[in-house]
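S.K.: Before I ask anything, let me first share the structure, which is written out below as structure tokens.
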Amino acid sequence: MKIEGVLIPLITPFKDGKVDLASYEKLIRHYSKKGVAGFMPLATTGETPTLSDYEYQSILEKTVECNELNLPIYVGFGGNNTEKMTKDIKMLDKYNIKGILSVCPYYNRPDQRGIYEHFKRISESTSLDIVLYNIPYRTGRNIENDTIRRLSELDNIVGVKDACGDFTQTTELLLNRPDNFSILTGEDAFFYSTLMLGGDGGIMASAHLNTEKYVEVFNKSKQNDYKSALEIWKQVANMIPLLFEEPNPAPIKYCLSKTGVIASEALRLPLVPISENLKEKLNKFL
């Protein structure tokens with residue numbers, strides 16, 4: 001079954017230096033009512049590199065516990081130590097999750113053969129579904145489309161979060177897509193364009209806000225009503241650049257705290273709260 005729709009890469013709320021599980025529970029219940037297709041906790045937007053192993057597991061447990069609609073959960077699980085990942089992934093077996101979102105190995109700068117072998121080893125180490133995560137500006141390496149197509153032939157590699165930043169590359173992948181393989185944009189500003197070319201949806205940090213509008217854009221596109229989808233898209237697209245004007249997820253956390261969805265906009269270093277200038281800009285949209 002293909003993954004499609006709007007999936008939320010959940011933020012991790014903090015308060016007084018600790019993970020705010022009360023706000024996190026509120027967050028999950030909030031988005032469960034918005035028509036989203038699933039949750040992706042503990043990824044980039046979740047500030048995962050700043051979490052302890054205990055916090056990581058606590059957040060995962062809370063996600064599963066509060067997922068009353070039994071929406072698919074794909075947990076962020078990536079790294080650049082393949083051998084360690086093949087062992088650590090066993091820890092996920094005890095949770096009721098659908099799969100993992102796994103970023104291209106970073107810092108080591110593997111070539112395409114190394115990238116393929118890395119994900120092949122991960123796929124052989126788990127029965128969970130795997131969604132590839134291609135975000136070269138963070139990892140230093142691009143997963144080329146031919147590599148994605150090769151990886152799609154492995155049974156449990158079921159899709160890609162495409163944040164390559166190059167719409168020419170995205171277009172080529174969509175036009176020459178593997179069978180039964182989901183292509184989900186991670187470039188928020190490309191959401192409508194990706195749907196127009198037959199994409200399956202998006203995993204977008206900006207969908208924390210105006211969530212129903214994102215879902216409407218997807219639903220109208222599925223009905224081939226691209227004109228209506230575009231009109232709805234125009235209502236939210238202008239806010240997207242502001243949400244990435246300063247490092248993600250700081251602007252989103254500010255908006256969620258300002259509107260009462262979470263208790264605090266706190267982040268963990270090296271990330272810091274947004275500037276007063278950006279707050280003024282965002283307040284006009286809230």
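Note: Cβ is positioned from N, Cα and C throughout, glycine not excepted.
Found this in Swiss-Prot, in case it helps:
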SITE      Thr44  site 'Part of a proton relay during catalysis'
BINDING   Thr45, Ile203  pyruvate binding site
SITE      Tyr107  site 'Part of a proton relay during catalysis'
ACT_SITE  Tyr133  active site, proton donor/acceptor
ACT_SITE  Lys161  active site, schiff-base intermediate with substrate
S.K.: Counting across all protein chains shown, how many other Cβ atoms sit within 10 Å of the Cβ of the residue listed as 'active site, schiff-base intermediate with substrate'?
M.R.: 29
S.K.: Within 10 Å of the Cβ of Ile203 (pyruvate binding site), how many other Cβ atoms can you find? Include all protein chains, please.
M.R.: 29
S.K.: Are there any residues in the same chain, six or more apart in sequence, whose C-beta is under 8 angstroms from the C-beta of Thr45 (pyruvate binding site), and if so which?
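M.R.: Sequence-distant Cβ neighbours: Pro9, Leu10, Ile11, Ala205, Asn248, Pro249, Ile252.
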S.K.: Please compare the recorded positions Thr44, Tyr107, Tyr133 by how many other CB atoms fall within 10 Å of each one's CB, and tell me which has the fewest.
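M.R.: Fewest other Cβ atoms within 10 Å, among the recorded positions Thr44, Tyr107, Tyr133, is found for Tyr107.
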S.K.: How big is the Cα-to-Cα gap, in Å, between Tyr133 (active site, proton donor/acceptor) and the residue listed as 'active site, schiff-base intermediate with substrate'?
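M.R.: Approximately 5 Å lies between the Cα of Tyr133 (active site, proton donor/acceptor) and that of the residue listed as 'active site, schiff-base intermediate with substrate'.
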S.K.: Please report the DSSP secondary structure of Thr45 (pyruvate binding site), reduced to three states.
M.R.: helix
